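**Student:** One structure, pasted below without further comment.
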């Protein structure tokens, strides 16, 4: 999927380090490798002998931390950071994490990746009991639960709070004397731990961040785990035993960086496998295989290798796309003015093209790319999607919460083919996807969350239950 | 070549349009597709019924033209634009083009891609005769020559001026009633003409810009041609008959966008051919082929296809690299902190890797990438370069003017292999390169400039003659 | 007092309006006239049919609201705004007001001018009961008290909260259906109400803001009053009956704009009276009276009129002083390089000058100005201060909380004269000040707070009690 | 005249220094004190052992030189700087001075205050001979004349050039080995020389800049002088003997800072005299004298002293007026929303006010201020203008070049009174002005230029001759 019309959005990435003299700077580099998980805001909080200092702002990491001075203020041997994706319109700095709290009994910072399914009701109950929220982010809820817990120790309070929130969450917290990571009981979001040569512990949403800072992978944070890191070392505990793997399959398909491993599986290799199995499932004779840059290149090369059809660069993406780019007017667009993605006439003209993409959300992007290829002279365009049709919303951290937007929720494959103008269209099967990724947890779908494809949500939906029923009704109205 | 340490720099890209109601906006999109040719500054001058208005500034196009207002001021049916690469330290807006001049007898604007070989002596002579220069750019020289010419018509004066300057140049000019494009007698730099559906003529450094604005390719500007476009249409003339093709081979190897065609040859296809021929010339047994992103991906896939060795994504480039990015300290670098390029451990660990890159300049980048792969567990790294060794400076528009920087000017292939730490190293042969591109002009090297590889400059070097002799002496001192 | 070294800082200004179609824009102009009360940050919250929207930022009002778009988003018929002075180092946007809260049962916004004397203990108690603070401002405390109150109605809850906080405060609040203003039981800070021609009610820290938006003065908010404005009109209630006027005398002396009236007394006229009485109390023969621009010009002209000695412009202030101005190095300063204030050699050379200033804090500024005048050739410089010596800290909203900084707390008038290098020095007497302002409330000092001069604080000091004792001890150690 | 609608605009200020290790920083402070002479752009060029470096930009000095780094680059023992006023719309950085030229035989920088009367014809002639201009500023002309001169030495060439340009000019130039100041044969613009304690020579448009950098006044640059300052010291020469003083009277009335001396006369004192004589010429019974801030305060205090009527602060100007301030809508303006200037109701209500202003240009500002005072309750407003009626355009450096804008060119005093709504109106007489300033050069009007008042231009008007005749005709059409 090109991001010409980006429709699936990850909510965040987190990075933390304990035990390094240049902790905030290492965090900066770690976050930089997670920038693909959120481009709307970024922040870092450092811990200098128990005193926490933070900086956060709207925009890319390099816009928030413009020069050395921004990092030099964040002194200390530990730090946590966050990159955030925010839905349009709510772009207030108040929502940018990590949140930093200054209590009379010590500072506390909090960063979060995921989405809670009982946030709305928890928030209302808390407000009715005098709680004051300063953002419209779910993340503050955990802080209130911790502060209101009657348990003796901070760790006990955290565990109680973690058992109260529901849904998908990966939390990274900084107290005055420790860094704490916790993952929801299904492990929807990836979270891994590594160690640098100097002994510093590192926590990150993806293993690519471990590589980038030169850290060695130690372990994934497992579902239901709370891991405390401090000057004594690393302690792993379970805040709940009631766990079952349901790793977000979209991480493998689209979100994660190809150089990351999730649950031990390399993302690029998984994608290449998706392409290979797709080639087996949906063979067709053609002159070339073309991947939609950048996220579909692995799948496309897998398809090409398996099919023996040459892989060609039939689409080129402009690498200088800025977020503030001026858009073509409708008139210019009709005259053929393009911006971000170009079809390569010299390559595709007169040829039968297999166009491999990772997913179809609304169908508008696919239609545009098929059209680009045809305008550049492609004789045939056969679209091959390296994942099953997206038919159900996600409530665990991906920004699609209504079925109205999902073309496959309301249309058959043949209808979609017609909408996007392709000569043929095939999706990877659910089994093909599961097989391509190749997890083998003792859980449904070998440990993957397949809810977007089949509506089989691994948890109750709480506050979204009603919403979900409504979206089902929406669907009815379409049929 | 990754741009971690970018060492070869194109000087510019130009774009112009005549006959469109939204001329400056089309120019913006055309320039955007040429942004890879220059990132230090950009400008647009529009022509509104003979009155020229311009905006220019330092930075990327999207930084100079931050919002609609910047374009809305540039009214008129015609416009020319420029993106500029500038050597560090001279980052003054005075040097950003197009240059706009307001004469009592009419406005004039001028944009330039290339490098003159007699600029220094022309400038001195002109100053001795009262000329005042406002930039340290070569480009102003043409303006002075035109204004001082005693010829009757503006066109005659332009021709005289074009016959006075020497070296590599592609000029794009705007007078009150026409747009004029001109190319040096060797055609070092690409320059093409297209037409939009509404009839508007478009001139661009690369054909990718024609595609992006929906224009159909009409013709390349040929060596020694001056092409005038006005409300009457397009007129092609020769300012000199003494021409001979010597197209910059680095355009095919590295600079141009893969979706551009130069002299009718698609750049991606040429690069894929370079990879294929390299596979024939420098075969080796290995587990995978890995291209250095982004410019070497075409050559790497050609190598993979020809050799039958699978193509893998063993290197990943962070797409969020900003120009103002904070750098890791030396200490962090030693601890393994990386920024822009990562090797994919999950892919390369334990494997024999063929690493394909487009060129080697200083050798530092290659050494770093080989090292990345080895640190990520690659068992063997065999480097294959899809072009011949760079041994001689360029005086026609590429920013390398001393041999000291060129590792291949001073070391044997075996020495370079040792420096970069590869298990083996091979370069494409000169014949392989010429064959891969496949031009067939009646000129040496089928119409390519091969001077960087063999020192066979297709023109006298004028002001650089002495400089060139000195660089040869430098070489001696190394031997 | 020139602001070359500004030492007394007001904490804030507030402005609100109810019942105007362009409420946020009127608020902008109202705040602009209060900019002298705080230059470190500004914000506006508007009420659009019960939904509150806000913008706030660091810097001057014109920096926070850079163009029309910033105001156009703040739709609605009511708005409140705030300009803030913040002590150095705490310059985080988190502290900029109005604070905007989004509760499940309605939005709420809050702005504050003043300083609480029991903030620290209230905050600790609240945190121990689960409250979470997001700023280090006192202002949030009232919000927590309101939300935690068990009273039935919002108005009852506000009253309870207002009776819990102690010290100096002028609050301006916006609920979904009303605007509420409240003043502490001593009325330390000014707060006035007016009405525009269209019937809209306006609340402002100073009456100059009423004038600037074309509103007619209705009444001052009196000590202990809570005034609710909504679509039904204006309701005045008392949250406490235990009130006694103690209006901050520094408002008359230095903070307020000369065109404001406080408790019916025009500030310029009060200052001119201070100058007149000072001339009676501290007569001296001289050639001219010179005021320190800008705040001492009224007092100086009063002195001149009373004494019959001509008023001259012997000091000129550069009106282009930016907050980010580059400072002269120590070396240049020693060579005589000045920036903000210049003595006019052509006026003062050879003359006996009476220099009138409004106050002396540290003495450094006075020393510098006396020195400027002498370097410009003044034969004698007689310093006349139009207020009594500042000897005690303020705990109600002025940013001086330690006696160490106050030269008059630790030195006799003769010692100060020597420090500042004046030929003679006199201060206005306490009686003179009270007489010049001319209030006649049935309260000590006719209703003025004179604590800075005589330590007679009109309230208990709560959390500052210990601090205050310490500053007394400090004083001992000086003696 | 308040600058609510500023109508008279000075064109520039210059400052230069030779022989100081921190030359560019001293220039920064010097320029800062000249900021009132131009707010649209600023620049500094320094001389480091013959190599010139420069920075310039749009906006206030503090916006162009944002931090130390901007100054630290401008190394060297000498520097010249410029602040510029530019007419709206031409706000291009290309016009900001000093202009810096890099010739093969040495660098050269040039700054200019004034206006040439033969610029248009000189420019056309130069262009016809091959000259290329890069700005639409007159200033470049001198550079072309110098470079094209056939004289032997640079100094001879400068003299020839200075004799070719006509009109009002104060030039400050920097060559590789000297700083050169030159003034037109009438000395329209002020230009003075001073010396710092370390021996460094300083040149500045006003003496206030000498004071600000701690320099002692040495001499004014006299009409027709060219003064060369280098390591050998200071050399004064005449480039023409045909000189006659005609100092711009508006410098005394409005432009210059009150602390400057021009031709030995202090500006504040001159203004106070204007007020005194005005009180004699136009006596009236009233309750108070009010000056329009800031430029009329001196004249108002003179009027008050002479008449014995008390001087009051009846008008207050908001000191936080930013150039980018958001304006009230027409609707708000009608409702009484004001921004920059407020009348003080508590002072003027019910009173007979004498409002003293320095000049009337269009009359719109005066009407607004009279209206402000009346709305604030003034019973009568008697306007007294401390200069004669402005009836003729200026061609020597003040930005009024057509009579259409000048209300006094087309209306009688009684008509103006009616337009501005005053109860009475009087202007200072021409003799009163000349007497108040008190020059005694052997020249018409004692050495003042009185052309704005009586059309008696001290020079031929060259290119403006026709224009001037046209403006006379305009006048006819009004009558």
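Glycine is no exception: its Cβ is also placed from the backbone N, Cα and C atoms.
It should be emphasised that the depicted structure is a prediction, and the values quoted were computed from it without experimental measurement.
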**Student:** Quick check on the annotation: TrEMBL has A:357, A:358 binding Mg(2+), so which of A:295, A:298, A:301, A:424 does it put in that site too?
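**Tutor:** It is A:295, as the record lists it for that site.
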**Student:** Does DSSP put residue A:12 (active site, nucleophile) in a helix, in a strand, or in coil?
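**Tutor:** Reduced to three states, the DSSP call for residue A:12 (active site, nucleophile) is strand.
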**Student:** Using Cα coordinates, what distance in whole Å links residue A:295 (Mg(2+) binding site) and residue A:12 (active site, nucleophile)?
**Tutor:** 18
**Student:** Can you tell me the CA-to-CA distance separating residue A:357 (Mg(2+) binding site) and residue A:12 (active site, nucleophile), as a whole number of Å?
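**Tutor:** With distance taken Cα to Cα, residue A:12 (active site, nucleophile) is 23 Å from residue A:357 (Mg(2+) binding site).
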**Student:** Between residue A:358 (Mg(2+) binding site) and residue A:12 (active site, nucleophile), what C-alpha distance do you get in Å?
**Tutor:** 20
**Student:** Could you check what DSSP calls residue A:357 (Mg(2+) binding site) once collapsed to helix, strand or coil?
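**Tutor:** In three-state terms, residue A:357 (Mg(2+) binding site) counts as strand.
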**Student:** Would you count the other CB atoms within 10 A of the CB of residue A:295 (Mg(2+) binding site), including those on all shown protein chains?
**Tutor:** 23
**Student:** Measure from the Cβ of residue A:12 (active site, nucleophile) and count the other Cβ atoms within 10 Å, all protein chains considered.
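**Tutor:** I get 25 for this one.
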**Student:** Using DSSP and three states only, what is residue A:295 (Mg(2+) binding site)?
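**Tutor:** DSSP call for residue A:295 (Mg(2+) binding site): coil, neither helix nor strand.
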**Student:** Per-residue pLDDT averaged over the domain 'Glutamine amidotransferase type-2' (A:12-232) comes to what?
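**Tutor:** Here the predicted model's pLDDT, averaged over the domain 'Glutamine amidotransferase type-2' (A:12-232), is 93.
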**Student:** If you draw a 10 Å sphere on the Cβ of residue A:357 (Mg(2+) binding site), how many other Cβ atoms land inside?
**Tutor:** 25
**Student:** Let me know how many other Cβ atoms fall within 10 Å of the Cβ of residue A:358 (Mg(2+) binding site).
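**Tutor:** Here the count is 27.
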